[in-house]
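Accompanying notes for the structure given below.
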Amino acid sequence: MDRSSLLQLIQEQALAGGPTPPQQLDPENTGFIGADTFTGLVHSHELPLDPAKLDMLVALAQSNERGQVCYQELVDLISSKRSSSFKRAIANGQRALPRDGLLDEPGLGVYKRFVRYVAYEILPREVDRHWYFYRHRSCPPPVFMASVTLAQIIVFLCYGARLNKWVLQTYHPEYMKSPLVYHPGHRARAWRFLTYMFMHVGLEQLGFNALLQLMIGVPLEMVHGLLRISLLYLAGVLAGSLTVSITDMRAPVVGGSGGVYALCSAHLANVVMNWAGMRCPYKLLRMVLALVCMSSEVGRAVWLRFSPPLPASGPQPSFMAHLAGAVVGVSMGLTILRSYEERLRDQCGWWVVLLAYGTFLLFAIFWNIFAYDLLGAHIPPPP
(Lines of atoms letter the chains of each structure in order from A and count residues from 1; the text may use other names and numbers.)
(Lines give C-alpha, C1' and ligand atoms only; values in the text may rest on other atoms or scores of the structure.)
Protein backbone atom coordinates (compact mmCIF):
# COMPACT_ATOMS: atom_id res chain seq x y z
CA MET A 1 0.00 0.00 0.00
CA ASP A 2 1.61 3.23 -1.13
CA ARG A 3 1.29 6.73 0.27
CA SER A 4 -1.19 7.89 -2.40
CA SER A 5 -3.67 5.07 -1.72
CA LEU A 6 -3.57 5.87 1.97
CA LEU A 7 -4.19 9.52 1.22
CA GLN A 8 -7.25 8.56 -0.83
CA LEU A 9 -8.49 6.46 2.08
CA ILE A 10 -8.34 9.41 4.46
CA GLN A 11 -10.14 11.58 1.93
CA GLU A 12 -12.93 9.02 1.79
CA GLN A 13 -13.20 9.02 5.57
CA ALA A 14 -13.42 12.82 5.64
CA LEU A 15 -16.14 12.94 2.98
CA ALA A 16 -18.21 10.36 4.80
CA GLY A 17 -17.99 12.34 8.04
CA GLY A 18 -16.09 9.63 9.86
CA PRO A 19 -14.67 6.13 9.43
CA THR A 20 -16.41 4.00 6.82
CA PRO A 21 -18.51 1.20 8.37
CA PRO A 22 -16.46 -1.96 8.82
CA GLN A 23 -18.99 -4.02 6.82
CA GLN A 24 -18.02 -2.11 3.66
CA LEU A 25 -14.28 -2.13 4.18
CA ASP A 26 -14.08 -5.57 5.77
CA PRO A 27 -16.89 -7.75 4.35
CA GLU A 28 -15.27 -10.98 5.59
CA ASN A 29 -15.02 -9.60 9.12
CA THR A 30 -11.31 -10.33 9.42
CA GLY A 31 -10.53 -7.17 11.31
CA PHE A 32 -8.13 -5.96 8.60
CA ILE A 33 -8.58 -3.75 5.56
CA GLY A 34 -6.70 -4.48 2.35
CA ALA A 35 -5.31 -2.05 -0.20
CA ASP A 36 -7.56 -3.38 -2.98
CA THR A 37 -10.66 -2.72 -0.88
CA PHE A 38 -9.51 0.84 -0.28
CA THR A 39 -8.97 1.68 -3.93
CA GLY A 40 -12.51 0.60 -4.78
CA LEU A 41 -13.96 3.17 -2.35
CA VAL A 42 -11.80 6.15 -3.29
CA HIS A 43 -13.10 9.50 -4.47
CA SER A 44 -10.59 11.91 -5.98
CA HIS A 45 -10.67 15.03 -3.78
CA GLU A 46 -7.86 17.25 -2.52
CA LEU A 47 -8.11 17.62 1.25
CA PRO A 48 -5.45 18.69 3.78
CA LEU A 49 -3.98 15.83 5.80
CA ASP A 50 -1.97 15.78 8.98
CA PRO A 51 1.46 14.54 7.80
CA ALA A 52 2.08 12.74 11.10
CA LYS A 53 -1.05 10.61 10.67
CA LEU A 54 -0.16 9.84 7.06
CA ASP A 55 3.33 8.69 8.07
CA MET A 56 1.86 6.50 10.78
CA LEU A 57 -0.63 4.92 8.39
CA VAL A 58 2.26 4.09 6.05
CA ALA A 59 4.13 2.48 8.93
CA LEU A 60 1.04 0.54 10.00
CA ALA A 61 0.51 -0.87 6.51
CA GLN A 62 4.16 -1.77 6.00
CA SER A 63 4.41 -3.42 9.40
CA ASN A 64 1.81 -5.97 8.25
CA GLU A 65 3.15 -8.73 6.02
CA ARG A 66 0.05 -8.57 3.78
CA GLY A 67 0.02 -4.78 3.54
CA GLN A 68 -3.17 -4.51 5.57
CA VAL A 69 -4.29 -2.14 8.29
CA CYS A 70 -6.28 -3.20 11.35
CA TYR A 71 -9.67 -1.48 11.14
CA GLN A 72 -9.72 -0.53 14.84
CA GLU A 73 -6.25 0.97 14.57
CA LEU A 74 -7.48 3.06 11.65
CA VAL A 75 -10.45 4.28 13.69
CA ASP A 76 -8.17 5.11 16.61
CA LEU A 77 -5.85 7.06 14.35
CA ILE A 78 -8.65 9.06 12.70
CA SER A 79 -10.05 9.95 16.15
CA SER A 80 -6.54 10.82 17.49
CA LYS A 81 -6.44 7.86 19.86
CA ARG A 82 -3.54 5.48 20.23
CA SER A 83 -3.35 2.09 21.92
CA SER A 84 -0.47 -0.15 22.94
CA SER A 85 -1.07 -2.40 19.90
CA PHE A 86 -0.95 0.71 17.70
CA LYS A 87 2.43 1.69 19.12
CA ARG A 88 3.74 -1.84 18.62
CA ALA A 89 2.64 -1.73 15.00
CA ILE A 90 4.30 1.65 14.56
CA ALA A 91 7.48 0.32 16.17
CA ASN A 92 7.52 -2.65 13.78
CA GLY A 93 7.16 -0.32 10.81
CA GLN A 94 9.38 2.43 12.13
CA ARG A 95 12.00 1.94 9.41
CA ALA A 96 9.40 2.99 6.86
CA LEU A 97 8.95 6.41 8.44
CA PRO A 98 10.72 9.37 6.83
CA ARG A 99 14.13 9.95 8.31
CA ASP A 100 13.94 13.76 8.26
CA GLY A 101 13.34 15.00 11.78
CA LEU A 102 11.53 17.99 13.16
CA LEU A 103 14.84 19.82 13.46
CA ASP A 104 14.69 20.33 9.69
CA GLU A 105 11.28 22.04 9.77
CA PRO A 106 11.73 25.55 8.28
CA GLY A 107 9.83 28.76 8.97
CA LEU A 108 8.57 27.99 12.48
CA GLY A 109 7.37 30.71 14.83
CA VAL A 110 8.70 31.22 18.34
CA TYR A 111 6.01 29.16 20.07
CA LYS A 112 6.21 26.33 17.54
CA ARG A 113 9.98 26.19 18.00
CA PHE A 114 9.38 25.91 21.74
CA VAL A 115 6.95 23.02 21.12
CA ARG A 116 9.63 21.33 19.02
CA TYR A 117 12.16 21.89 21.81
CA VAL A 118 9.77 20.28 24.32
CA ALA A 119 9.23 17.30 21.99
CA TYR A 120 12.96 16.62 21.84
CA GLU A 121 13.43 17.19 25.56
CA ILE A 122 10.70 14.79 26.70
CA LEU A 123 9.95 12.17 24.03
CA PRO A 124 12.45 9.44 23.07
CA ARG A 125 11.08 8.37 19.67
CA GLU A 126 10.82 10.34 16.45
CA VAL A 127 7.34 9.05 15.67
CA ASP A 128 6.11 10.29 19.05
CA ARG A 129 7.79 13.64 18.52
CA HIS A 130 6.08 14.02 15.13
CA TRP A 131 2.75 13.03 16.64
CA TYR A 132 3.06 15.53 19.50
CA PHE A 133 4.38 18.36 17.31
CA TYR A 134 1.57 18.21 14.76
CA ARG A 135 -1.35 17.66 17.15
CA HIS A 136 -0.24 20.00 19.95
CA ARG A 137 -2.61 22.85 20.78
CA SER A 138 -1.77 25.85 22.93
CA CYS A 139 -5.11 25.60 24.75
CA PRO A 140 -5.33 24.52 27.47
CA PRO A 141 -1.90 25.76 28.60
CA PRO A 142 0.17 23.95 31.26
CA VAL A 143 -1.57 25.71 34.14
CA PHE A 144 -0.98 23.24 36.96
CA MET A 145 2.76 23.56 37.45
CA ALA A 146 2.66 27.32 36.82
CA SER A 147 -0.18 27.76 39.34
CA VAL A 148 1.54 25.67 42.02
CA THR A 149 4.79 27.57 41.57
CA LEU A 150 3.04 30.93 41.70
CA ALA A 151 1.12 29.94 44.84
CA GLN A 152 4.34 28.80 46.53
CA ILE A 153 6.04 32.10 45.72
CA ILE A 154 3.08 34.13 47.03
CA VAL A 155 2.93 32.14 50.28
CA PHE A 156 6.67 32.51 50.76
CA LEU A 157 6.54 36.27 50.21
CA CYS A 158 3.66 36.64 52.65
CA TYR A 159 5.42 34.71 55.42
CA GLY A 160 8.76 36.35 54.65
CA ALA A 161 7.23 39.80 55.07
CA ARG A 162 5.30 38.75 58.16
CA LEU A 163 8.29 37.13 59.90
CA ASN A 164 10.88 39.52 58.41
CA LYS A 165 12.97 36.44 57.62
CA TRP A 166 13.83 35.07 54.18
CA VAL A 167 16.35 32.31 54.94
CA LEU A 168 15.87 29.42 57.39
CA GLN A 169 12.33 30.53 58.21
CA THR A 170 11.67 27.33 60.16
CA TYR A 171 13.80 28.67 63.03
CA HIS A 172 11.33 31.47 63.64
CA PRO A 173 9.00 30.50 66.52
CA GLU A 174 5.92 31.69 64.64
CA TYR A 175 6.63 29.72 61.48
CA MET A 176 5.39 26.34 62.71
CA LYS A 177 2.07 27.89 63.73
CA SER A 178 1.07 28.08 60.10
CA PRO A 179 -2.02 25.96 59.27
CA LEU A 180 -0.21 24.75 56.15
CA VAL A 181 2.81 23.06 57.77
CA TYR A 182 2.74 19.33 58.49
CA HIS A 183 3.49 18.76 62.17
CA PRO A 184 3.22 15.35 63.89
CA GLY A 185 1.15 16.96 66.63
CA HIS A 186 -1.45 17.99 64.06
CA ARG A 187 -1.81 14.67 62.21
CA ALA A 188 -5.60 14.78 62.63
CA ARG A 189 -5.70 17.83 60.36
CA ALA A 190 -5.43 15.76 57.20
CA TRP A 191 -5.05 18.69 54.80
CA ARG A 192 -1.59 19.35 56.20
CA PHE A 193 -0.32 16.17 54.52
CA LEU A 194 -0.68 18.07 51.22
CA THR A 195 -0.61 21.79 52.02
CA TYR A 196 2.92 21.65 53.44
CA MET A 197 4.08 21.83 49.81
CA PHE A 198 3.30 25.58 49.81
CA MET A 199 5.73 26.30 52.70
CA HIS A 200 9.51 26.37 52.32
CA VAL A 201 12.51 26.50 54.61
CA GLY A 202 13.85 29.57 52.88
CA LEU A 203 14.63 31.29 49.63
CA GLU A 204 17.19 28.65 48.64
CA GLN A 205 14.72 25.74 48.82
CA LEU A 206 11.96 27.69 47.10
CA GLY A 207 14.30 28.76 44.30
CA PHE A 208 15.50 25.20 43.71
CA ASN A 209 11.99 23.73 43.65
CA ALA A 210 10.49 26.51 41.53
CA LEU A 211 13.29 26.23 38.96
CA LEU A 212 12.81 22.47 38.56
CA GLN A 213 9.03 22.77 38.46
CA LEU A 214 9.24 25.25 35.60
CA MET A 215 12.10 23.63 33.70
CA ILE A 216 10.92 20.01 33.98
CA GLY A 217 7.35 20.11 35.24
CA VAL A 218 5.98 22.50 32.60
CA PRO A 219 7.38 20.55 29.60
CA LEU A 220 6.14 17.29 31.12
CA GLU A 221 2.67 18.80 31.57
CA MET A 222 2.68 20.07 27.99
CA VAL A 223 3.37 16.57 26.66
CA HIS A 224 1.53 14.30 29.09
CA GLY A 225 -1.30 16.57 30.17
CA LEU A 226 -2.53 18.21 33.35
CA LEU A 227 -4.22 15.15 34.87
CA ARG A 228 -1.25 12.82 34.67
CA ILE A 229 1.38 15.30 35.84
CA SER A 230 -0.78 16.71 38.65
CA LEU A 231 -1.46 13.14 39.79
CA LEU A 232 2.25 12.35 39.81
CA TYR A 233 3.18 15.57 41.61
CA LEU A 234 0.51 15.25 44.31
CA ALA A 235 1.26 11.54 44.76
CA GLY A 236 4.88 12.48 45.48
CA VAL A 237 3.82 15.21 47.92
CA LEU A 238 1.44 12.90 49.80
CA ALA A 239 3.95 10.05 49.87
CA GLY A 240 6.55 12.46 51.26
CA SER A 241 4.56 13.52 54.32
CA LEU A 242 3.28 10.00 55.00
CA THR A 243 6.81 8.59 54.78
CA VAL A 244 8.03 11.18 57.27
CA SER A 245 5.18 10.28 59.63
CA ILE A 246 6.42 6.66 59.55
CA THR A 247 10.21 6.96 59.44
CA ASP A 248 10.88 10.28 61.20
CA MET A 249 7.94 10.51 63.58
CA ARG A 250 9.04 13.61 65.51
CA ALA A 251 9.83 15.80 62.49
CA PRO A 252 7.65 18.30 60.63
CA VAL A 253 7.70 18.69 56.83
CA VAL A 254 7.74 21.77 54.60
CA GLY A 255 8.44 22.33 50.91
CA GLY A 256 7.30 20.79 47.66
CA SER A 257 10.34 18.55 47.34
CA GLY A 258 8.28 15.34 47.37
CA GLY A 259 6.47 16.38 44.21
CA VAL A 260 9.54 17.91 42.60
CA TYR A 261 11.62 14.77 43.13
CA ALA A 262 8.78 12.64 41.76
CA LEU A 263 8.83 14.64 38.51
CA CYS A 264 12.61 14.80 38.22
CA SER A 265 13.21 11.13 39.07
CA ALA A 266 10.56 10.01 36.58
CA HIS A 267 12.07 12.15 33.83
CA LEU A 268 15.66 11.12 34.54
CA ALA A 269 14.71 7.44 34.69
CA ASN A 270 12.87 7.77 31.38
CA VAL A 271 15.92 9.41 29.80
CA VAL A 272 18.22 6.64 31.04
CA MET A 273 15.92 3.85 29.84
CA ASN A 274 15.61 5.50 26.40
CA TRP A 275 19.13 6.86 26.20
CA ALA A 276 19.72 6.06 22.53
CA GLY A 277 16.47 7.67 21.41
CA MET A 278 16.70 10.90 23.40
CA ARG A 279 17.87 13.78 21.22
CA CYS A 280 18.22 16.52 23.85
CA PRO A 281 21.66 18.20 23.59
CA TYR A 282 24.38 17.57 26.20
CA LYS A 283 22.22 14.92 27.85
CA LEU A 284 25.09 13.28 29.76
CA LEU A 285 26.33 16.58 31.18
CA ARG A 286 22.81 17.65 32.08
CA MET A 287 22.12 14.29 33.70
CA VAL A 288 25.23 14.61 35.88
CA LEU A 289 24.38 18.21 36.85
CA ALA A 290 20.80 17.24 37.74
CA LEU A 291 21.96 14.35 39.94
CA VAL A 292 24.56 16.56 41.64
CA CYS A 293 22.00 19.31 42.35
CA MET A 294 19.38 16.86 43.63
CA SER A 295 21.94 15.08 45.83
CA SER A 296 23.17 18.40 47.18
CA GLU A 297 19.63 19.43 48.11
CA VAL A 298 19.12 16.14 49.97
CA GLY A 299 22.46 16.63 51.73
CA ARG A 300 21.45 20.15 52.77
CA ALA A 301 18.16 18.82 54.15
CA VAL A 302 19.99 16.10 56.13
CA TRP A 303 22.38 18.69 57.56
CA LEU A 304 19.56 20.99 58.65
CA ARG A 305 17.69 18.05 60.20
CA PHE A 306 20.51 16.70 62.35
CA SER A 307 22.93 19.66 62.71
CA PRO A 308 20.80 22.82 62.85
CA PRO A 309 22.98 25.92 62.53
CA LEU A 310 20.71 27.95 64.84
CA PRO A 311 18.97 27.22 68.15
CA ALA A 312 15.54 25.73 67.49
CA SER A 313 12.50 25.08 69.63
CA GLY A 314 11.92 21.64 68.09
CA PRO A 315 13.05 19.20 65.43
CA GLN A 316 13.72 20.63 62.00
CA PRO A 317 11.92 19.45 58.84
CA SER A 318 12.73 15.94 57.67
CA PHE A 319 14.54 15.01 54.46
CA MET A 320 12.61 11.76 53.93
CA ALA A 321 10.06 13.50 51.70
CA HIS A 322 12.77 13.90 49.05
CA LEU A 323 13.48 10.17 49.02
CA ALA A 324 9.81 9.20 49.01
CA GLY A 325 9.17 11.49 46.05
CA ALA A 326 12.04 9.89 44.15
CA VAL A 327 10.59 6.41 44.74
CA VAL A 328 7.18 7.57 43.48
CA GLY A 329 8.83 9.05 40.40
CA VAL A 330 10.78 5.91 39.50
CA SER A 331 7.71 3.70 39.96
CA MET A 332 4.49 5.56 39.19
CA GLY A 333 6.10 8.38 37.24
CA LEU A 334 8.10 6.16 34.92
CA THR A 335 4.94 4.17 34.12
CA ILE A 336 3.14 7.41 33.22
CA LEU A 337 5.94 8.80 31.06
CA ARG A 338 6.39 5.55 29.16
CA SER A 339 2.67 5.47 28.31
CA TYR A 340 2.57 8.56 26.14
CA GLU A 341 -0.78 8.79 24.34
CA GLU A 342 -1.82 5.38 25.69
CA ARG A 343 -4.61 4.67 28.13
CA LEU A 344 -3.12 3.93 31.53
CA ARG A 345 -5.96 1.59 32.39
CA ASP A 346 -4.78 -0.70 29.58
CA GLN A 347 -1.31 -1.02 31.14
CA CYS A 348 -0.80 -3.94 33.53
CA GLY A 349 2.12 -2.15 35.17
CA TRP A 350 -0.10 0.81 36.00
CA TRP A 351 -2.44 -1.34 38.08
CA VAL A 352 0.51 -2.93 39.86
CA VAL A 353 1.84 0.53 40.75
CA LEU A 354 -1.60 1.71 41.90
CA LEU A 355 -2.01 -1.39 44.07
CA ALA A 356 1.39 -0.81 45.67
CA TYR A 357 0.66 2.88 46.26
CA GLY A 358 -2.80 2.13 47.67
CA THR A 359 -1.31 -0.48 50.02
CA PHE A 360 1.22 2.09 51.21
CA LEU A 361 -1.55 4.65 51.81
CA LEU A 362 -3.61 2.21 53.89
CA PHE A 363 -0.57 1.20 55.93
CA ALA A 364 0.37 4.85 56.52
CA ILE A 365 -3.17 5.76 57.60
CA PHE A 366 -3.33 2.94 60.16
CA TRP A 367 0.19 3.81 61.30
CA ASN A 368 -0.79 7.42 61.98
CA ILE A 369 -3.93 6.33 63.83
CA PHE A 370 -2.46 3.63 66.06
CA ALA A 371 1.36 3.45 65.99
CA TYR A 372 2.16 6.70 67.78
CA ASP A 373 0.26 5.60 70.89
CA LEU A 374 1.35 1.96 70.73
CA LEU A 375 5.01 2.88 70.38
CA GLY A 376 4.82 5.67 72.94
CA ALA A 377 6.42 8.14 70.52
CA HIS A 378 7.49 11.38 72.18
CA ILE A 379 6.53 14.02 69.69
CA PRO A 380 7.13 17.73 70.28
CA PRO A 381 4.07 19.64 71.44
CA PRO A 382 2.15 21.22 68.55
CA PRO A 383 2.70 24.95 68.18
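Using N, Cα and C of the backbone, Cβ positions are placed for all residues, glycine too.
Just so you know, TrEMBL annotations never went through curation; they're auto-generated.
Over in TrEMBL, the protein carries these features:
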- S257: active site, nucleophile (ACT_SITE)
- H322: active site (ACT_SITE)
- 189-338: domain 'Peptidase S54 rhomboid' (DOMAIN)
- 143-162: transmembrane segment (TRANSMEM)
- 193-214: transmembrane segment (TRANSMEM)
- 226-246: transmembrane segment (TRANSMEM)
- 258-277: transmembrane segment (TRANSMEM)
- 284-306: transmembrane segment (TRANSMEM)
- 318-337: transmembrane segment (TRANSMEM)
- 349-370: transmembrane segment (TRANSMEM)
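Comparing S257 (active site, nucleophile) with the residue listed as 'active site', their Cα atoms are 6 Å apart once rounded. Between the transmembrane segment (226-246) and the listed ranges 193-214, 284-306, 318-337, the one holding the most Cβ pairs under 8 Å is 318-337. Across the domain 'Peptidase S54 rhomboid' (189-338), DSSP helix (H, G, I), strand (E, B) and coil residues number 110 helix, 1 strand, 39 coil. For H322 (active site), applying a Cβ distance below 8 Å and a minimum sequence separation of six or more within one chain yields G240, S257, G258, Y261, M294, E297, V298, A301. In this view, the residue listed as 'active site, nucleophile' is surrounded by 32 other Cβ atoms within 10 Å of its Cβ, with every protein chain counted.
Outside the transmembrane segment (258-277) by six or more residues, the chain places 122, 124-126, 148, 197, 209, 212-213, 216-217, 220, 229, 232-241, 283, 287, 290-291, 294, 321-330, 332-334, 336-338 with a CB less than 8 A from a CB of the stretch.
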